[in-house]
Amino acid sequence: MQLLHTIKELRIWRKDKDFIGFVPTMGNLHNGHLQLVKEAKKQTDHVVVSIFVNPIQFGVGEDFESYPRTLDQDIEKLVDVGVSAVFAPEVKELYPTPQVTFVEPSDIQYQLCGASRQGHFRGAATVVNKLFNIVQPNIACFGKKDFQQLFIIKEMVNNLNMPIKIIGVETGRANDGLALSSRNGYLSDAERLQAPELYKILQQLQQAILEGDNNYTNMLNQATTHLNTHGWQVEYLEARSAKTLLPAQVEDKHLVILAAARLGKTRLIDNIEITL
Ligand code: PAF
């Protein structure tokens, strides 16, 4: 496995490779990331994983400085799953001068997670575009836990005619259902015990909808109140069309319920898809 730190090294490595799979990450890898690698490996000859905590997708007061950086452990995990190369650039390698050119996603960027994380999706889409230009992958895998990010990346690739197939991979979960996330490490022991409740609520909503309840506003309000009175601070809990990410209408057949909620200081996100 090659550990590459510069764009030049990556380009030299890339030269004689044909079909490349790519998994962009911010490191602190867990099984969810490794599932993305496994999916990319199924479909390609070589998989590149990038590890880069991208400053321009963090807002003021967010956890850019404290975001866990665990490069040595990450590399061990990636050697075990057999990736061909890891691209781990310094910030100054990707941003040698201030970034003045951005990918501007659609207005969906201001909703859901974007309502509280100003500039987040613009920053994420911009760095993914830069990484795509550097790695020039044929396919790229993203986790469905970040459903809105996956949606925005697919829109970017379609709108900008990028010759890259984007693959959404199912959310990796702990045995108790909690969606795997690098930020789970911020949870206290008590919060970690409580955290799976978010997914349980999503499953209950899914069940109710599958059984025919289509009063989404009412059921989401009730679920929000339940969480808010049981130690959570819900940022949003919404039903959307999985196809457009616009608010769900009764005639929509493929829905996604998306949630962001805080337990103490930790912000967790999760979602569940429903096909009617
Ligand atoms: O999902 C992430 O880890 C990041 O948003 C990504 C796609 C690696 C871009 O920095």
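Any Cβ shown, glycine's included, is placed from N, Cα and C.
Please treat TrEMBL annotations as automatic predictions, because they have not gone through curation.
Per TrEMBL, these features apply:
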- H33: active site, proton donor (ACT_SITE)
- 26-33, 143-146, G172, 180-183: ATP binding site (BINDING)
- Q57, Q149: (R)-pantoate binding site (BINDING)
- Q57: beta-alanine binding site (BINDING)
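Distribution of TrEMBL features across the structure.
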| residue | record | DSSP (3 states) |
| --- | --- | --- |
| M26 | ATP binding site | coil |
| G32 | ATP binding site | helix |
| Q57 | (R)-pantoate binding site | helix |
| K144 | ATP binding site | helix |
| Q149 | (R)-pantoate binding site | helix |
| G172 | ATP binding site | coil |
| S182 | ATP binding site | helix |
Spatial neighbour of G172 (ATP binding site) that is closest, considering only the recorded positions H33, Q57, Q149 and their CA atoms: H33
The one of H33, K144 whose CB sees the fewest other CB atoms within 10 Å, among these recorded positions: K144
Q57 ((R)-pantoate binding site) versus recorded positions M26, L29, H33, S182 - nearest by Cα: M26
Which of M26, L29, all binding-site residues, has a Cβ with the fewest other Cβ atoms inside 10 Å: M26
Filtered binding-site residues, from M26, L29, G32, K144, G172, whose Cβ is under 6 Å from an atom of ligand 1: M26
Number of Cβ atoms other than its own within 10 Å, given for G172 (ATP binding site): 19
Integer Å distance between the CA atoms belonging to Q149 ((R)-pantoate binding site) and G32 (ATP binding site): 16
Spatial neighbours of S182 (ATP binding site) that are distant in sequence (at least 6 apart) but have CB under 8 A: M26, G27, N28, H30, Y67, P68
